[in-house]
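**Student:** What TrEMBL lists as region 'Disordered' is 66-117, 235-273. Sequence annotations record features per position, and here TrEMBL assigns compositional bias 'Basic residues' to 86-95. According to TrEMBL, the feature domain 'Large ribosomal subunit protein uL15/eL18' maps to 130-206. Feature annotation from TrEMBL assigns compositional bias 'Basic and acidic residues' to 263-273.
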């Protein structure tokens, strides 16, 4: 009712002020767009709009969410709906009375058992993020890494030598080994033969340290434990299968000085596991 009054008052006020003005052009007046027609229309008939305030027919109480066009099918509500009585399931049978587990094919061998198995997933596999000696040398030349201090996995992460997603540790690779011309000391999870020989030839050392998942988090993100109000965990010992692949237990918090290799450790590290 309020909209009709607003619309009628708007039309009456415009008709009183400009009685000979046609606000809406007829079908015969509609022509293809031309600049001359456009100018003539506004000069002759549309000037009545210039001095009036525009009223919107849209109000806040008319706004609503997007309603789906297709309504949900209501089953079992009488035969007139087309989905009454049996509700589209038909007469009798297992499918009309209940539901079966996913993949059930009526008693015959299901597809998941007809197809053969391919491969397996090793639950004990470890994923190490690789980093080359060439990248470490570039960061040392750029001044981001101090070659006089111990280079740990935390140092490599903070300087951008490796990514943020470190799953089980870091593997030191021999790419760019010729760029290492000064002694450096590193502590990583694994190291290749070429990388170890290049570092030792320059007078440095590489120690393979073991961290479990909790210990690796404590090494890379010690602030997480401080935020949670927890103490740093103790370093975990390697399992029996990994004792021949590591040199020592990882230290917490992140160490700053290397541990020198003793004669027995050097002989054990040189012999193949």
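Here the Cβ of each residue, glycine as well, is placed from N, Cα and C on the backbone.
How buried are the listed features, and what sits near them?
**Tutor:** For the compositional bias 'Basic residues' (86-95), the list of distant contacts is 75-76, 106: same-chain residues at least six beyond its ends, Cβ to Cβ under 8 Å.
Helix, strand and coil counts from DSSP across the domain 'Large ribosomal subunit protein uL15/eL18' (130-206) read 27 helix, 16 strand, 34 coil.
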**Student:** Averaged across the domain 'Large ribosomal subunit protein uL15/eL18' (130-206), what pLDDT does the model get? Just tell me the whole number, please.
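**Tutor:** That region's mean pLDDT is 92.
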